[in-house]
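Please read the structure below before turning to the comments.
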């Protein structure tokens, strides 16, 4: 792809510009306008809605409220690509030349031989079968838009001319007045004008798992975070709301993400690039040799027809016909193996991409963490207690004997609206489903585990009044009867933002006794609050108060709207803090990535402090590495005075990222080894991925929301979450983690590296036999000897004996250094490099050719033709009219007899290639280790050795083969001609690998380590 900058077509330029516009943050101003201004802007009435005629006009202008599907490639085009791409073209040319040669022969001779006809048919069949196979494997296409379609709401409740009406969502237009209620999907982007207890689930868009409250007030400059906008295709969870439509179809926020995901040019996968490079290389060699010898044979005086037949022979000998099938089978096998390890690979070539990954951008919630809020710490009796956050409750426990803890657990259980869903008595507490928000269910599970049934506690302390949590007073309060029948006081319990709770208290509970809340205790509270907050935890304060019986007698009517009871001078009990804890297997996985040279970057929408705490917990920021803020705190200097290059780690806030240029982003990615991006938006995730790719990294990205789909699509490999992932993210991804676990990615990396190694080995094995296939033709033309190996016999090797052994190398186990190497550099570290070619063609291949020729000369000599009399004999040998050709001993040979000897030589040459390929298969098992270290555990490979030998014997001895393939039975002794050469190959390569291991980086490694 040259630089098409100047000649860029207007369409291409426009496409590029649109994408850049999409990458910018969502630009909206409606949330900052008053309701009247919004209605004026869209010419609508906030009570009556639009008129029918106006709505029709707008619908005609803007088009339906639907997403446009992306352009797709027709299936027949894809099929043709498989049939006419790469090697296939060469083989087609070969097949056409065969038919051509047969045609010429049929026209000029009385009894044309059918060789060329059969060969042409076989070549065409090979191409069609491998083409169908590859097409079948690749028959998954961009289904991104289809999953977006499922997300589009079907019906909408619209108010027009003051009447409520149900419309198809596609007919909703800008300016329409729309109502949504709990359970509805939002039909377009709305500016809320009135709401009652409305909450929406924006997780598919922003990744925030908590339902977000919606109200008419502008609460944030960023339209994605403000409360008065709801977005197309998010879900309304509870309550009702009414709003004015401000965008429809592709112009909605969700529509822009859809366009962004389908509009991204997806680059070729690294393995596709490698295979293409390899095909060009081999094709180049084949065409060059074919044409050179075509010209040479014409100069040497052969006829056109003979020259064409040579050309076909050389092309057939040069092209590894079975190779593309081998590659596809290798990738399919690995994909199956990964599916067993919870990685579902959608795009076969992505398997290898994962192996060359050098940067992983991972989500935090649910990928690195368990995706369940859990109580992590408590502060009571003036000390911090640690709770157990492990998935299987194998961690620490704390002292539950204090009376303060009893009071604290009471408040946490009673001042809590979360309940376990029914019918889960036999399910472990941590696995139970809860109705209620994340923090409350964390408290519920914690109390249930440590203090027994919360349900019983609530039955004994009947609730008589409650003020639910709201954002203005930031607390939740309830009033209960006490369980002691002799105590007629009411118990008031309250939880909320710690500083707000503390302000309402005048005493504090220590060891179960109330003490006055003095400055010293306030400072202790402040320190505990800061410490827990600094761990990235979400802290809540708890207090209680027994209402005096004389003021609040039994049956007192508590009024929660116009509060008629005491809500200050309460007694502070303690703090509890919650966090979504890291998954158990993640720190180990991050460590493995580090030793494999892979940089792990955390990208999250969460708060920087929480993000940093989790990053330290899982080892993304390793012990002893500091951020700029840490250095500033340690040296007691302002952050601006610290040189950013001194800090190995850094935490970048989304708002800062928004204002950075590409150069600044590159600077960060180059200078810091451990990076956390917090509070990022989906567009920023895409910018981070592109930044890493500018550095030349191969990037894997994990994501689960719709918001992640552009980044998943842009990354070299997108990894979606199987359990929590939205449909859209699964469609955009190349791979799905069925258990949502980061550790599975590392398994994937190992498998990806293994497949690359094994493909190299497979190709090295397959290419080596090209030399003993080509050299017979060269000598046939140059030295004028009878043909040592026929074209049909070559196909028997490439599509017969070599297939199973080549595929068996895909089952080879990893060598010991696989996860200790740096990721491969796609620019310099090719699948097929000069060293592999020099080993296969220049060294091992040459020894194999010698073995073949040795068998050939032995058989002819045994029949009376010594090597000395063979040179220059070809013209008389192939002449049908000469039936009295003399050998070295003066015996006369007819044409038919000569041909039987020649075909026996073909068979012997074929068998000797099989024998030397035994050794080649065994040495290809390893690239660096000795075969004795690696062992012979690969059962498929052992089967391959036996299978190719059995096939060779079958082709040689089966009756009728002399007619079908011109294979003749051999004397047993002729099988042994190639044995010494096979042994030589094995010894030669073991010595080479020994030198390799003894002198790493030495001359032998530079020249021969592929």
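Backbone N, Cα and C atoms are what each Cβ position is placed from, and that goes for glycine too.
Swiss-Prot has this to say about the protein:
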- 1-74: topological domain 'Cytoplasmic' (TOPO_DOM)
- 1-21: region 'Disordered' (REGION)
- 75-95: transmembrane segment (TRANSMEM)
- 96-118: topological domain 'Extracellular' (TOPO_DOM)
- 119-139: transmembrane segment (TRANSMEM)
- 140-275: topological domain 'Cytoplasmic' (TOPO_DOM)
- 276-295: transmembrane segment (TRANSMEM)
- 296-307: topological domain 'Extracellular' (TOPO_DOM)
- 308-325: transmembrane segment (TRANSMEM)
- 326-759: topological domain 'Cytoplasmic' (TOPO_DOM)
- 363: active site, 4-aspartylphosphate intermediate (ACT_SITE)
- 704, 708: Mg(2+) binding site (BINDING)
- 760-779: transmembrane segment (TRANSMEM)
- 780-789: topological domain 'Extracellular' (TOPO_DOM)
- 790-810: transmembrane segment (TRANSMEM)
- 811-830: topological domain 'Cytoplasmic' (TOPO_DOM)
- 831-853: transmembrane segment (TRANSMEM)
- 854-905: topological domain 'Extracellular' (TOPO_DOM)
- 906-925: transmembrane segment (TRANSMEM)
- 926-938: topological domain 'Cytoplasmic' (TOPO_DOM)
- 930: phosphoserine (MOD_RES)
- 939-957: transmembrane segment (TRANSMEM)
- 958-972: topological domain 'Extracellular' (TOPO_DOM)
- 973-993: transmembrane segment (TRANSMEM)
- 994-1010: topological domain 'Cytoplasmic' (TOPO_DOM)
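Comparing the Cα of the residue listed as 'phosphoserine' with the Cα of every entry in 363, 704, 708, these being the recorded positions, the smallest distance points to 363. The CA atom of the residue listed as 'active site, 4-aspartylphosphate intermediate' is located 8 Å away from the CA atom of residue 704 (Mg(2+) binding site).
Contact between the transmembrane segment (760-779) and the transmembrane segment (119-139) is not supported, since fewer than 3 Cβ pairs fall under 8 Å when only residues 6 or more apart in sequence are counted. Taken through DSSP, the topological domain 'Extracellular' (96-118) splits into 17 helix, 0 strand, 6 coil.
When the binding-site residues 704, 708 are compared by the number of other CB atoms within 10 angstroms of each CB, 704 has the fewest. Of the two recorded stretches, the transmembrane segment (831-853) lies close to the transmembrane segment (276-295), with three or more CB pairs under 8 Å once pairs fewer than 6 apart in sequence are set aside. Sequence-distant contacts of the topological domain 'Extracellular' (96-118) (same chain, six or more residues past either end, CB-CB distance under 8 Å): 305, 308-309, 311-312, 315, 791-792. The stretches the transmembrane segment (906-925) and the transmembrane segment (276-295) are not in mutual contact, being linked by fewer than three Cβ pairs under 8 Å (pairs 6 or more apart in sequence). By the Cβ criterion (under 8 Å, sequence separation of 6 or more), the transmembrane segment (790-810) is in contact with the transmembrane segment (119-139), since 3+ such pairs are found. Look at the recorded positions 363, 930 and count other Cβ atoms within 10 Å of each Cβ; 930 has the fewest. Across the candidate stretches 119-139, 276-295, 973-993, the maximum count of CB pairs under 8 A to the transmembrane segment (308-325) is reached by 276-295.
If you count C-beta pairs under 8 angstroms between the transmembrane segment (276-295) and each of 75-95, 119-139, 939-957, 973-993, the highest count goes to 75-95. Following the DSSP three-state reduction, the secondary structure of residue 363 (active site, 4-aspartylphosphate intermediate) is coil. Packing against the transmembrane segment (939-957) from elsewhere in the chain are residues 796, 800-802, 804-805, 807-809, 811-812, 907, 910-911, 914, 917-918, 921, 925, 965, 967-970: each is 6 or more residues past its ends and has a CB under 8 Å from a CB in it. Under 8 Å from some Cβ of the transmembrane segment (973-993) lie the Cβ atoms of residues 843-844, 847-848, 850-852, 854-855, 858-859, 908, 911-913, 915-916, 918-920, 922-923, 926, 928-931, 1004, 1008, all in the same chain and six or more residues away from its ends.
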